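Taken from Swiss-Prot, the feature active site covers GLU117. As annotated by Swiss-Prot, Zn(2+) binding site applies to HIS141, HIS143, HIS212, with the evidence given as sequence analysis.
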Amino acid sequence: MQNITQSWFVQGMIKATTDAWLKGWDERNGGNLTLRLDDADIAPYHDNFHQQPRYIPLSQPMPLLANTPFIVTGSGKFFRNVQLDPAANLGIVKVDSDGAGYHILWGLTNEAVPTSELPAHFLSHCERIKATNGKDRVIMHCHATNLIALTYVLENDTAVFTRQLWEGSTECLVVFPDGVGILPWMVPGTDEIGQATAQEMQKHSLMLWPFHGVFGSGPTLDETFGLIDTAEKSAQILVKVYSMGGMKQTISREELIALGQRFGVTPLASALAL
């Protein structure tokens with residue numbers, strides 16, 4: 001019998017959650033992570049599955065995700081503990097044939113359940129599947145320190161925030177030319193914030209929840225982690241710059257245009273126009 005904890009997807013989740021905790025982005029039970037899988041990924045590990053998988057209904061049907069397996073972090077679970085006990089802190093779930101709920105196939109032992117942000121994740125997965133023709137498979141939420149700090153001092157506007165991050169570090173425009181979406185503050189763990197996030201995810205791979213955290217999407221765990229890491233690095237630079245009195249010079253609009261042309265990306269027009 002193959003051990004599922006040695007699979008690429010469990011090992012990938014262990015690395016991503018451990019790295020995020022070491023970055024200081026996921027204190028206590030902060031943050032959550034989901035990865036969309038294929039049946040072929042989990043097929044070799046059926047012997048590891050629960051004999052009687054628990055069924056949990058979704059608060060709203062998601063037919064686009066019907067029959068789709070995911071590996072997810074658990075509700076109330078600490079990222080720092082995933083590496084110590086993957087089966088207690090992670091779970092593999094599979095959405096049923098009509099998208100009305102899911103079965104917990106593996107993990108989430110002792111009656112644990114998936115992250116409370118699962119509605120936001122699943123809704124965002126639906127939108128990113130459509131926006132990227134199925135390329136994006138990961139949704140990651142974390143409490144990236146400097147990005148959160150900037151939501152207290154910058155205007156919480158997509159164009160303004162995006163432009164500042166682009167100017168904070170040259171690689172940002174290349175990594176997220178579609179900019180950073182921003183919501184008003186909302187109560188977490190609700191369908192409302194999930195729907196609002198998913199709506200912005202139609203246009204942006206990176207989302208900010210002011211005074212709370214960040215939501216990122218990408219095709220792989222590494223790409224999604226790297227997306228957030230790049231934005232957070234720029235935010236860290238900006239925090240230092242603002243604390244030293246602000247910018248005296250920066251990357252110009254013309255230089256941003258040239259950067260986009262060099263790397264074959266189309267920058268968010270509203271941010272470029274500022």
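Any Cβ shown, glycine's included, is placed from N, Cα and C.
With respect to their backbone Cα atoms, HIS143 (Zn(2+) binding site) and GLU117 (active site) stand 14 Å from each other.
Secondary structure from DSSP puts the residue listed as 'active site' in coil. The most crowded of the binding-site residues listed here (HIS141, HIS143, HIS212) is HIS141, judged by how many other CB atoms sit within 10 Å of its own CB.
Taking the centroid of the Cβ atoms of HIS141, HIS143, HIS212 as the Zn(2+) site, the other same-chain residues with Cβ within 8 Å of it are GLY30, GLY31, CYS142, ALA144, ILE148, PRO188, TRP209, GLY213, VAL214, PHE215.
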